[in-house]
Every structure is written in structure tokens, then in C-alpha cells.
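J.: Below you will find the structure I want to go over with you.
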Amino acid sequence: MLTHSRIKQFLLIGQSFIYLIAFASLYWQIPGLYGERGLLPIATRLKCGSGTPWYQCTLPLLQFGHIHLSLSPSVAYQLLSLCGIALSIVTILLPKSRNILLYLGLYYLYLTAFEAGSTFLWFQWDTLLLESGFLMATLAGFTNSPADSISIFLVNWLVVRLMFASGVVKLQSNCPTWWGLTALDYHYESQCIPSTPAWHFHHMPEWFRKFSVAMTFYIEIYLPPLFLLPLRPLKYFAFANQFTGNYNFFNMHYALLCVAMLEDLFLCRNKWFSRLEWILSILVLGAVTYLFVLHFGIQLDLAKMQINSKIMFDRALFEKGIKIAMTIIIHVALLMFTITALIAAYRIYRHQSPGIRKYLTLVFTGTAATALFFTSFVSFTVLDRNSASRVPEQIKKLHEATREWQLFHSYGLFRQMTGVEGRPEIIVEGSHEPNGPWTPFEFYSKPGDVNQRPIFVAPHQPRLDWQMWFAALGSYHHNPFFLSLVHHLLRNSSDVVRLMKNYPFNDKEKPLKFVKAQLYHYRFSPPTEKKAWWTRAAQEEYLAPLSKDAPALVDYLKQNRLFVEKPNEYKNGEFGKVLRKLHRYVYSIDQTQFVWAEMAQSKEKRVGRWYFGGLASAGAACCTHPLDLLKVHLQTQQQGKMTITQMCSKIFKSDGFMGFYNGLSASLLRQLTYSTTRFGIYETVKAQIGSDANLPFYQKALLAGFSGACGGLVGTPGDLINVRMQNDMKVPLAERRNYKHALDGLVRISREEGMSKLFNGATMATSRAILMTIGQLSFYDQIKQMLIQSGYAKDNLATHFFSSFCAATIATAITQPLDVMKTRMMNASPGQFSGIMGCFVYTAKLGPMGFFKGFIPAWVRLAPHTVLMFIFFEQLRMNFGYFKESKKE
């Protein structure tokens, strides 16, 4: 568990990152969504009476930018987002800036963006960001204080309300898919923007999907009340189970808020208290899990090797249970809020220096927190009428008075499961002639072309694509933005077109003159399909053909304030012109590079850049560093008596959890030198020689060996520091080298032992790198090529995983003896070994298995590292690689 000060800093920095993502994602899309020639022009809503001060008008911040800074309305909106980005970065980098004023500023900036964004920002994650943003401002305060625990409790209370409500509303909706545990039969393909993993999960066995739905209710209904209990083991379990889902920045935000439950109210614990805590946690968790198993009929079928699940209660029993649960949750929350406040007051009185400031902090935080806590009951108790009727009228009035500030909300994602008959999808088509041929417009991320691989864009949210999902559930009559989209496609409005993936009517001789829309039902293709990711069936005409010169379309847009008649009247001053140039530069950066990546499938194959291997290896190292450290400890022990479990226990007892990440900076240094070099040479030379299909395996192996030799030599200093830092905790405190980080190790070794020491063991490291690179790179390429050419696999995640798994097994088998000897030489004291043969003789005395010490953890470390490395590399290649130019004949 963590102290309130550490939790506070983690939450504030994390909230700043969420703000940064939200503002950056919105900033890129503003001209197309809200520009004077955009879908919902903000200019039509900035009308203000003559003589009325700007601060009394609607959207005062935008009014100020428009009136006093001579900015067009959309550029004022851009400036607001830029201010949000700047404040987010400042609060991330500068600890002293994390105070109530700046976080109130971030909150108000996003509140203005939310109100200005209208249709495209009316999502639960936007309201969650506003509610949590105000709580973070309260938490930031002006100084660190034990009173921060009260604000942290409010964040934890928000998590309880958010998750519990999300689970309850699914069953309150009476949706048959939730009650029948079949929701995941449709969810993966019907969610707003499906990703590639969704296709694979969609084809999991039926029992697994039903059990997953049951586990969703376990995580969302049964576990959240436990967040309130001050039992550490229980909170650890609940915290670990909350990292599910993948919805733009929503899940990142929710995961951040869950950190609040890790605060430890009772810092002083003796042995007996800790044992009692564990016993109580096991009893409570056991009781909750028993109820879940009982309510959902969980049964293990050993004969079929599956888990069966079925809801064993009816609606009446469910409503009765919710009434009881709500009563318990509210009373426990009241009790824990009171205890938290009393403990904070006691710590301030007992441990802080004298002065009135500490009491003012307590009074301010306590008063604000009490008002926020009790007012939140209004939105929470909508789940149960009985509970709602007991909320005092004064609190309801306070809730109503603060409604415009978006401080409290009722939550509940996926109340009704859509797409049961198939995912509804609007396909917009254009033509030069009224009778066709019709060419479809491809959107940035939503499904269209059935052969287009589903993409992954989180944490970025393409707002137009999301709103198209909602439009497909109804008609264009209830979605005015859709007709605005049609109008701008007919006009080839550049800002709107940039929101799309392509605009297929750039031929001046055959310009776009007609647009229509067709409604389809999409479903994921079966696993036997080799090319298409989707199947689709036409349903009905969504929009009849509209012509470019249709006056009724413009009249409709004017009536709904979606059309600016004279956009050129909104001119920008010098400052505004600079902001427009800045955004034009941002437009030159694709959305995939500005927030996250679009996994666009192309008929042309993208080629990896020379530095992708280093980046991918560094990312994989961050995930597998504990296994690498464990491997080094097992290889360098003299007697070889400790097992993996014993070694883990020893490291944890001596250095705690962070001991498993000792030497991470050196590990990253090694990967950024060693892997960047070997991947850079291998990929660059391979691209010059020919494609994978044209390159024989022996040439790949020779090229990999040469690349590995170069990488091994360049990466030796980083490898040396990596081994030393990982092994430092094994020696007595007085003998530890205590390198602060990798660069400190480089400097100290050079100064204390000479530059030549940096390359101690270079021969062994280079030899091992040759074999490792042959095993990884050449075998990975060859296995992947064979699978794709067989026709049974595609260039996708599954193929990358299998190929890298096989390559990891081969690489481990051929490098383990050298790996053991290399580690011993690098960790040896001066003069211990005369050379490679000396190390070989020393190792041989331990027996044949001495060369394979740590084999299991070596494979366990290398397999995940290799798999992650190649998956990261392939995703970098697909998203950020370049198209190789064909040779001119």
C-alpha cells in the first residue's frame, strides 16, 4: 500500500496525462468538427448581444478569444485546446505546479470544450473527466497534508459508483443478452470501433464468452463495494481485477482512478494485525465469491473441460438484492468517510508542526469533500427508488444548483446490447452521375471495406467515426450532423475531408455531384475466411441521393445552425494566423502519429525503419526485466541450491517489489544499443537485397550473424552495467557499487576501471549475440514467411505471435551455454578468469548442467521478450513504416 502523498502525486500526474490525451485528440479534429466550414460550426453559437460583456455570454472563454484576441471562433477553440495541452504538460513536469489553481484551470478548460463540443463530446468518459477533474483540483489543494486522504477517498468513492452502476444497469435494462449471458456474442463486433483482438475474442468458445459475461458482473457488481473496506489484501485483489476493456482514454482513466483504493489508512501494523487483516480479507472475498458462484451457477465440467454459467435469479430477486446492496454500500461509505476524516484530523493534530494553516487546510478540504460526497448520492441513488427517496431535499437542491458544472453524473455503459441482428453500419457513397457508378467513402476508423483489418486507435477518439455508430442506430432525421457531413463531402471541404480516410473524387473532370447512403448489417467473418474480416448484408437505403446543388439541404443546415453563410467574415489577426499555421503543421502529421496509431491494412507492404527494433526491444525489456534479473541471479550463484521460488522470495525480502526492477535503466541502455544496431543492419541490408520471399534462409542467417556481431560489440557496455546493477543487491551493503543509473555506471567504470573494462566479456557477448540474432531474426522471418506462403495464415497478430514463440525457443536452445559463461565473465572480479577457456573450465566443474543453469527462467524471460519484441516491431512497421518504392524499369 502507498501513503497519501504518493497516491496524491500519482493521481495528479495521471490526471494530467488524461487531460493531455483528451485535449490533443480534440485539437486535431477541431477544424473539421467545429470550423467555419466544419460539421457543427461553433461560430453559429457564439452570438452575443451588442454591449454585453464577454463573460456574460455563452462560452465566455471562446468569446474572449474571438472578441479580444481577434480569433475566428474555431481558432479560439484551438487556442483553448492548446492551453489545455500546455497546462497538462506543465503539471506533469513541474511538481510545484500541481496546485488547486492549475487543476481548476484544466477542469474549466475542458468544461468549456465539453459545452462547445455538443454532440461530439456527449460521452460518459467526457463527463467522467469533468467529475474526476474537479475532485483532483480538491485533492491538489495548496500543499501536501494528511487531509488529502479525504479527497483520495472521494476518488475511490467515484470508482465504486462508476463500476457498480455500470454492472447494475445492464440487468436493470432487461436486455435479454445480459440476462442470457450472451452479450459477448455481439459486443465484440458491435462496439463503436472494433479492434483486431476483438475479432479473435469473438470466435472464442461459447462457454468462454458466457463465463466472461458472468465475470463482467463479478468485477462490476460484486467487487466494487469491497473498494471501501480498509483491508490491504482485499484491495490488492480488487485493484488487479479492474484492468479490463479498451475504450479510448476511458479505460486508462478508470485504471488511474483505481489507484485511489491503494491508500493505506493504517500505516502502523504489527504482525498480528497483518494476520488478522489477511484472515478477514480471505473471509470477505470468499463470501463474495461464493455468492457469485451461487447466483451465476458456476460449474466446472471436467469432462468437456469448460466452465458452465447461468443466471440463477429472476428480476424480482435482483431488485431486492440491489435494494439491500445499496443500503449497505451507502452506510459503509458514510462510515469510511467519517473514519477517513477523523484519521486525517488526528494526524494533522498529532504529527504536523504548529500553525493555523494546517487547520485551515483541514477545514477547506473537509468542507468541500463533505459537500461533494453527500451531493453525489443524488446521482448514485437513481439505481434504487427506495434509496433515492431517502436523500434529503437540501442535497437534491444543491445537486440541481451545481448541474451546469457537470460535477455529478450517473454512469452505466452498454445498458442495452446493440447489433444483435448484425452491426448496423452506414456506407456513404458518391458519384459523378445520378445513376452511378457509386464509389464508397472510407472513414478513418469505422468499418467499411470488408477486407479492411479492424484498427486500434485508443487512446485517441475519432469523434466523427464514433458518432456515425450512433447515427446507424437511428435515422438521419435525428442526426443533423450527418446531413452536414454530406453537404461538406459534396463541397469537398478540406477540413472535413481530412477527418476521412480518403476522398476518391479529386479528378477535376469528374467531380463529386451526388451522395447517397446505404445501411448494412456487418458481422465478423468466420475463422475459415482467408481475406475478409467482415461479412455484410444490405438492409435499406439510409439516405436517397442528394445533389450538390440541392437547395433544401442548405436550408435544413441553416435552420439547425449548421451552416455559416459567410465564413470568410471570420478573420484572424496576426496571432490567429500563427495558430492556423500551427494547426496546418499538425495536419501534416497523421492522426496515427499525433495521438495513437491506425492499423491500416495495405496491399503494399510497409518496411520497418532502422530504429524500430531498438524501440520494440526497449518496450519488451520494460515488461520482462524482472525475469531477466531472476535469470542473472540464478546463473551467478555458486552452489546452485536456490530454486526460482526461493530466489524470488529472497529478492522480495531484501529489496521489496522494486528490487525486481533493479538495473532497468541499464537494461534499456543495452536494448537501445544492442538491438538498435542488430535490427538496423539486418532490416536495412535485407530491404536493399530483396523481399523476405526472395531471400534464401542461409543468407538471412549470415546477415543475422553479422548484424548480431555488430550489435553484441556495441551493446557490451550496456550489458556489463545491466548485469552489475542486477547483481548488486546480492553483495553486502559495504561492497555494493550502487550505480545511480546506467549513465552513472558508464562514467564510474570509465573513471575507476578504465575504458577497456566497459568491453569486458565482449568476445563472449559478441559470440552469444551472433547465435541469438540468428535464432531470433532469421528464424522468425523464415517461419513467418513459410506460414504466410502456405495460405493458412495472414500477416497478422496470430502469425507474429506463433513465429516469435518458435524463434524464442530456438534462440534459447542455442545460446544458453554462452549466456551462462557471458554472465559469469561480466560479473567476475578482476583476474578471476584468464579468458573464455578459464570460464569454460570453471563452469564445467559444476557439471554438464552448469552450462544450463537458469535455463527455465532464461526461456521464460526470453520467450515473452521475443514475442513482445516482434509484436511491437510489427505494429511499429504497420503503423509507422514506409512504403518501399518499386524500381523503375
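We count from 1, first residue shown onward.
Placed from the backbone N, Cα and C atoms, the Cβ positions cover glycine too.
Just so you know, TrEMBL annotations never went through curation; they're auto-generated.
Computed from a predicted structure; not experimentally measured.
In case it helps, TrEMBL gives these features for our protein:
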type	residues	note
TRANSMEM	12-30	transmembrane segment
TRANSMEM	75-94	transmembrane segment
TRANSMEM	101-125	transmembrane segment
DOMAIN	122-267	domain 'Lipase maturation factor 1/2 N-terminal'
TRANSMEM	145-164	transmembrane segment
TRANSMEM	211-229	transmembrane segment
TRANSMEM	249-266	transmembrane segment
TRANSMEM	278-298	transmembrane segment
TRANSMEM	324-347	transmembrane segment
TRANSMEM	359-383	transmembrane segment
DOMAIN	408-543	domain 'Lipase maturation factor 1/2 C-terminal'
REPEAT	608-688	repeat 'Solcar'
REPEAT	699-786	repeat 'Solcar'
REPEAT	795-879	repeat 'Solcar'
J.: Other than its close neighbours in sequence, what residues sit by the transmembrane segment (278-298), given a CB gap under 8 Å and a spacing of at least six beyond its ends?
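T.: Distant Cβ neighbours of the transmembrane segment (278-298) are 181, 211, 214, 217-218, 222-223, 226, 229, 231-234, 237, 307-313.
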J.: Any residues 6+ beyond the ends of the transmembrane segment (75-94) with a Cβ under 8 Å from its own?
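T.: 12-13, 16-17, 19-20, 22-24, 26-27, 30-31, 34, 42, 61-62, 64-66, 69, 102-103, 105-106, 109-110, 112-113, 116, 572, 576, 579-580, 582-583.
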J.: Give the residue counts of the repeat 'Solcar' (699-786) per reduced DSSP state, in the order helix, strand, coil.
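T.: Helix, strand, coil within the repeat 'Solcar' (699-786): 75 helix, 0 strand, 13 coil.
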J.: DSSP-wise, what's the residue breakdown of the repeat 'Solcar' (608-688) into helix, strand and coil?
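T.: Going through the repeat 'Solcar' (608-688) residue by residue, I get 67 helix, 0 strand, 14 coil.
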J.: When DSSP states are grouped into helix, strand and coil, how many residues of the domain 'Lipase maturation factor 1/2 N-terminal' (122-267) land in each?
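T.: Breakdown, helix to coil: 104 helix, 1 strand, 41 coil.
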J.: Compute the average pLDDT of the predicted model within the repeat 'Solcar' (608-688).
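T.: Averaged over the repeat 'Solcar' (608-688), per-residue pLDDT gives 79.
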J.: Counting each residue once, how many in the domain 'Lipase maturation factor 1/2 C-terminal' (408-543) are helix, strand and coil under DSSP?
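T.: Tallied per class, the domain 'Lipase maturation factor 1/2 C-terminal' (408-543) gives 29 helix, 34 strand, 73 coil.
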J.: For the repeat 'Solcar' (795-879), what does DSSP give as the number of helix, strand and coil residues?
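T.: Result for the repeat 'Solcar' (795-879), in helix, strand, coil order: 69 helix, 0 strand, 16 coil.
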